[in-house]
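A.B. asks: Please see the structure below; I have some questions.
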Ligand SMILES: [Zn+2]
């Protein structure tokens with residue numbers, strides 16, 4: 001197949017092949033016809049357009065863990081960038097964009113590097129922050145609240161940004177964590193294709209694990225660009241999700257946390 005003078009190297013099944021296939025490198029079960037060689041589904045070719053839209057609106061259809069294939073990290077990052085570049089070039093090509101244009105020709109590479117090295121780098125457990133814990137020498141017994149942590153993640157249904165704030169709190173069980181590490185945990189789980197509910201729970205569960213306590217609270221208030229820039233195109237609405245564990249399930253503790261969150265942020 002040749003589109004606008006750019007060969008797409010199409011084999012007889014109508015789907016483009018890759019250098020990886022030519023030189024025998026495995027592509028981790030990812031095939032180019034919507035199914036896979038190792039039985040893992042990689043595309044929803046069984047879904048109707050109506051059902052695809054419905055799932056895009058309905059959250060909570062998946063598990064707490066980000067759905068990943070067991071072989072997700074068999075490919076190294078450089079090879080993933082090469083493959084994504086090739087496939088994104090094909091998407092632009094199909095849309096009819098002139099990839100010889102100076103402004104566009106670097107876009108496939110830029111997008112591929114951005115996906116792997118930046119906005120989806122939190123898929124890789126190797127990038128997970130390893131918070132250092134300290135003894136609670138001050139015997140500080142009250143809740144610690146870190147509020148207004150910026151959240152920048154991507155809707156896994158539409159691959160457009162979700163932007164907002166999170167507020168996290170914990171009550172020490174004897175250990176304390178560096179403040180910036182709370183931000184790092186939020187950042188790590190945000191750098192994935194996400195639904196807001198799962199992101200909230202993943203942050204809460206990780207903080208419980210690290211801090212060895214159930215006394216953890218997380219709130220996220222965020223705007224979904226898939227809601228504001230397409231579909232219903234509501235630029236005003238935002239989505240709030242929360243997770244309350246341990247003492248935060250008690251009304252008085254929860255209300256104290258919510259009071260702190262509601263206070264205007266200080267400016268310095
Ligand atoms: Zn969406």
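Glycine too: its Cβ is placed from the backbone N, Cα and C atoms.
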A.B. asks: Under TrEMBL, which of the candidate ranges 1-34, 35-68 is annotated region 'Disordered'?
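C.D. replies: Among 1-34, 35-68, the range TrEMBL annotates as region 'Disordered' is 1-34.
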A.B. asks: I want to verify one value. Collapsing DSSP to three states, which class is residue 155 (Zn(2+) binding site)?
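C.D. replies: Its secondary structure by DSSP: strand.
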A.B. asks: Excluding 155, 158, 226, which residues of the same chain place their Cβ within 8 Å of the centroid of the Cβ atoms of the recorded Zn(2+) site?
C.D. replies: 56, 154, 156, 157, 159, 160, 162, 224, 225, 227, 230
